[in-house]
Amino acid sequence: MQKQVKISGKSKENMSLLKHLKGDVQGKELVIEDSIVNERWKQVLKEKIDIEHDLFNYQKNREISKVPFLPVDRLITNDEVEDILNTLTEVLPTGKFTSGPYLEQFEKVLSTYLHKRYVIATSSGTDAIMIGLLALGLNPGDEVIMPANSFSATENAVLASGGVPIYVDINPQTFCIDPDKIEEAITPYTKFILPVHLYGKHSDMQHIRQIANRYKLKVIEDACQGIGLTDLGKYADITTLSFNPYKNFGVCGKAGAIATDNEELAKKCIQFSYHGFEVNVKNKKVINFGFNSKMDNLQAAIGLERMKYLSLNNFKRLFLADRYITQLAELQNKGYIELPELSEDHVWHLFPIKVRTEDRADIMTKLNEDFGVQTDVYYPILSHMQKTPLVQDKYAGLQLVHTEKAHSQVLHLPLYPSFTLEEQDRVMEGLFHVIKQEIGV
């Protein structure tokens, strides 16, 4: 019987698909899972496909003078724009911009994709984390163990909920929280573990779950950069997502979601997300307070259209990451840079490399000035190094050795679905030249 390569829109299967399309695996049949996230794939995928030509329209040696890091006018492809405009013509005449049928449909579709019983769509990923913590029973002063190298929204959600962030070190290879450091930080006040799937890399959730069970802690995962990860939500009490336009899957505004298999938790999340009201009862409060944090019906309608491209867009990210890793291997082998590992537990929200701390600023400047290539340090200030009164009072003297070293070395290269291979060639050409000729490592 011929073996199959299943296309599910998840990271593990995308890796198998990449190997199949590159010819690394022979004699397997492609099977496209019947899912909204694969809808665009069905239109472009064939048994034999030239990835560079069919997905990227690659024209080798086409001259490129400027490479933006993340251009806002290319967050949505032209095909998606057309689909979204068609949807808006259906929604706008109804006047149902906030509540409406698309919201419920969006939650059901996302629930099916995530293999979670309940999904509550929210107005942002930040609100999703905050509501999730409160639904799990966070009380003022409860400690939440988390990394310090995430976007400030993660810590802000904890602080706004009354929790106390406890920052621990990361695994420097993955940029994700180190489970061994979690155990060292547990105190009688610890109630939660909040791992972040930073840059799209899945944290070591199985290990984290084991620690949580041992100490009777709750796990709420920040998967705002991790939609499409295989086994997402498997080891967490609550999974939170962001649909900011800059994410792997976004709407045309701010939105997010909470996912769980626990009915009681889902009920509480719904209550907290809409003013504390009892579910399906008009304006009757059943908890002390709640927020105005439901996703808008209009954004849900847009989300349903954009979800059709999720599998394809995440595959493009994987292909681009693989291309970087393969073609920049020489620089890594000579010790000039450190590349991330290509793995089946990554959805490549960002592409981080490491360079020598003392060279980073020069590399970024020369790439931009000499090759027109924009790079970035996406989160320039670590949470425990902010200059706020709280940080200076509570975290003064805190040292996170691996977090701080990785942060001083990290440099993000452009990577997004509308990124062209010609642009990527320009990035790599510039990086080779600057590091080998200009920096003189």
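Backbone N, Cα and C atoms are what each Cβ position is placed from, and that goes for glycine too.
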Listed co-binder of substrate (same site as T98, S99, N244, P245, Y246, Y274, K282, Y379, source Swiss-Prot) among F151, F192, F432: F151
Candidates F151, P245, Y379 (binding-site residues) with Cα within 10 Å of N292 (pyridoxal 5'-phosphate binding site): none
Collapsed DSSP category at Y274 (substrate binding site): strand
Length of the line joining the Cα atoms of K247 (N6-(pyridoxal phosphate)lysine) and Q225 (pyridoxal 5'-phosphate binding site), in Å: 6
Spatial neighbours, same chain, of G125 (pyridoxal 5'-phosphate binding site) - Cβ under 8 Å, 6+ residues apart: A153, D222, C224, T240, L241, S242, F243, N244, G256
